[in-house]
Amino acid sequence: MNATAGYKVKHNPWIIAVTVTLATIMEVLDTSIANVALPHIAGSLGASQDESTWVITSYLVANAVVLPVGAYLGTIIGRKRFYMTCVAVFGISSFLCGLAPSLPLLLFFRVIQGLGGGGLQPSEQSILADTFPPEKRGQAFAVYGLAVITAPIVGPTLGGWITDNYDWRWIFFINIPVAILSLFLTHRLIEDPPAIKEEVKAARRGGFKLDYVGFGLIALTFGSLEVVLDKGQQDDWFSSHFIVSFLAVTVIGLACLVIWELRQERVESKPILDLRLFTRRNFSVSFLMMFVLGFTLYATTVLLPQLLQSLMGYTAESAGMAMSSGGLATIICMPIVGILISRIDGRYLIMFGFASIAVALFHMTSLDLQMSFSYAAVLRFYQSIGLAFLFVPINSMIYLGIDPRKNNDVSGLSNLARNIGGSAGTSFFTTVLARHQQVHQTYLVQNVVGSSQQWMSSVHALTSSLQHGSAALSDAQRGACLRIYQSLEAQASVLSYIDVLSMLAVFCACMIPMALLMQKPPKGMQASAH
């Protein structure tokens, strides 16, 4: 039996799955594809590097605002209509981003693009949950997982290739044909299930009453949170009045949002966020796990290419190739996990997934400046196996015991958890990396003092080597000291990367026993059932 009793789709469910995945690939790519193009965008539009980072922040803020309210809007105007509106807004705004003649206009269009993109992922997830019967839902989420996990990996590489060979504007123009195809197929193939149609009719009979207060609080809270996470390290966190102000808005806004939404439930008015979902043990644990999954996925997706390029001299293309092994692992494992989820208790798959990632991250802590390309690729491959074993089971377990009419709410909140986790992970690793590098560098310098025999020997050896190259004695001595300092700086960076990887490994290890807190899936249905 499907998520909605008696409901059976008219078209092949797998064609529907591919249809809704098209737009998701397009949207998830856009969260990362612009990163490598920022220097080109800044130069083209006459902006500074710091100003250009708002191209990323503006999109993430708008995206975070729509993620939790998509379910609410879908039940007011209809999920299919809402989904098609999001695709159209995303496609049109992508075209306008590509044409933007100035940074302010580009930021404005990126906000619109983020608003359109924010409704795509939760809509796809709820469409899949209603389209497939419980025993096949895991396989459907495997298709969705391929898009969500591989797109952030492919994004920077694709963005770099487009920027180098064409123009940064094409990272936006490529969305247009995908949006057109998605609109056409969605119009022809997808329908709202009876439960959603009834909700839409009820909303129309009762008059359209948008919860303006709730919507405003969500926009204020999650928008401010994204600004804090994205700009915190750049503005030195609590040393910045800007960051402190936005953090205060986030905390106060969240408190007001919870109070308001609980009040809406008491007066029997439809809340934008159904906080009663958190009384479900499976949902609460899955929400936390989805946050950690996003935290780890985005942190390592940004961390590893940066490590390979800044310390080991890899080109962007070579670093992308090393990271692509993770995409290969996902492509291989995701369909397998989709089949296993209907036969094996999803809790055990989740435990295996977190254990695999923890072990892979622990092995990464043995890295040094001589790490080979193949070793980096293999470690990324093993880490991504764990990601594949997490995404499908968590997305299946989160629906266990939930009223099918709440599918939209569940998908919106789970995607919000992953996206906020991704922003938090990226912000966390950049902060820890910067702070720990300073600590390690200070420690290393203190242990390489001018009176040290080893220090003096190294300086003399390098000075002699540089003098053989016809350098003056004073220049050779300065050059020798500079080289030693650069070596110490590189070693401090390696140690700080090891610290971050160790912390991520511990976070994932802590999630392993959490899986046992989940409710056991009904026999014969496993985690895919409600």
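Cβ atoms here come from the backbone N, Cα and C positions, even for glycine.
Under the heading domain 'Major facilitator superfamily (MFS) profile', TrEMBL lists 16-523.
Annotated transmembrane segment per TrEMBL: 14-42 (among others), in sequence order.
What TrEMBL lists as transmembrane segment is 54-76 (among others). Among residues of the same chain six or more beyond the transmembrane segment (54-76), those with a C-beta under 8 A of the stretch's C-beta atoms are 30-31, 34-35, 38, 41, 82-83, 86, 103, 106-107, 110-115, 117-119, 121-123, 126, 196, 199-200, 203, 208, 210-211, 215, 218-219, 222-223, 225-227, 230-231, 270-273, 408-413, 415-416, 419-420, 423.
The annotation transmembrane segment is assigned in TrEMBL to 82-109 (among others).
Look at TrEMBL and you will find 141-162 (among others) tagged as transmembrane segment.
Same-chain residues lying 6 or more positions outside the transmembrane segment (210-229) and placing a CB less than 8 Å from one of its CB atoms are 57, 60-65, 67-69, 72, 76, 243, 246-247, 249-250, 253-254, 256-257, 260-261, 264, 269-273, 416, 420, 423-424, 426-427. Here TrEMBL flags 210-229 (among others) as transmembrane segment.
Sequence annotations record features per position, and here TrEMBL assigns transmembrane segment to 241-262 (among others).
TrEMBL lists 283-308 (among others) with the feature transmembrane segment.
Sequence annotations record features per position, and here TrEMBL assigns transmembrane segment to 320-341 (among others).
Summarising the annotation, TrEMBL assigns transmembrane segment to 348-369 (among others). Outside the transmembrane segment (348-369), and at least 6 residues removed from its termini, the chain residues within Cβ reach (under 8 Å) are 289, 296, 300, 307, 311-312, 337, 340-341, 379, 382-383, 385-390, 392-394, 397, 490-491, 494, 497-498, 501-502, 504-506, 508-509, 511-512, 515-516, 518, 527.
Within its own chain, the transmembrane segment (381-402) has Cβ neighbours under 8 Å at 3, 125, 129, 137-138, 141-142, 144-145, 148-149, 277, 280, 282-283, 286-287, 289-290, 293, 296-297, 300, 325-330, 333-334, 336-338, 341, 346-347, 349-350, 352-361, 363-364, 410, 414, 508, 518-519, 521, 526-530, counting only residues six or more beyond its boundaries. As annotated by TrEMBL, transmembrane segment applies to 381-402 (among others).
Under the heading transmembrane segment, TrEMBL lists 494-516 (among others).
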Intrachain neighbours beyond the transmembrane segment (141-162), with Cβ under 8 angstroms and 6 or more residues off its ends: 14, 17-18, 21, 24-25, 28-37, 121, 124-125, 128, 168, 170-171, 174, 297-298, 301, 305, 316-317, 320-321, 323-324, 326-327, 330-331, 334-335, 337-338, 384, 387-388, 391-392, 395-396, 418, 422
Interface present between the transmembrane segment (241-262) and the transmembrane segment (82-109) (three or more C-beta pairs under 8 A): no
Confidence summary for the domain 'Major facilitator superfamily (MFS) profile' (16-523), mean pLDDT rounded: 79
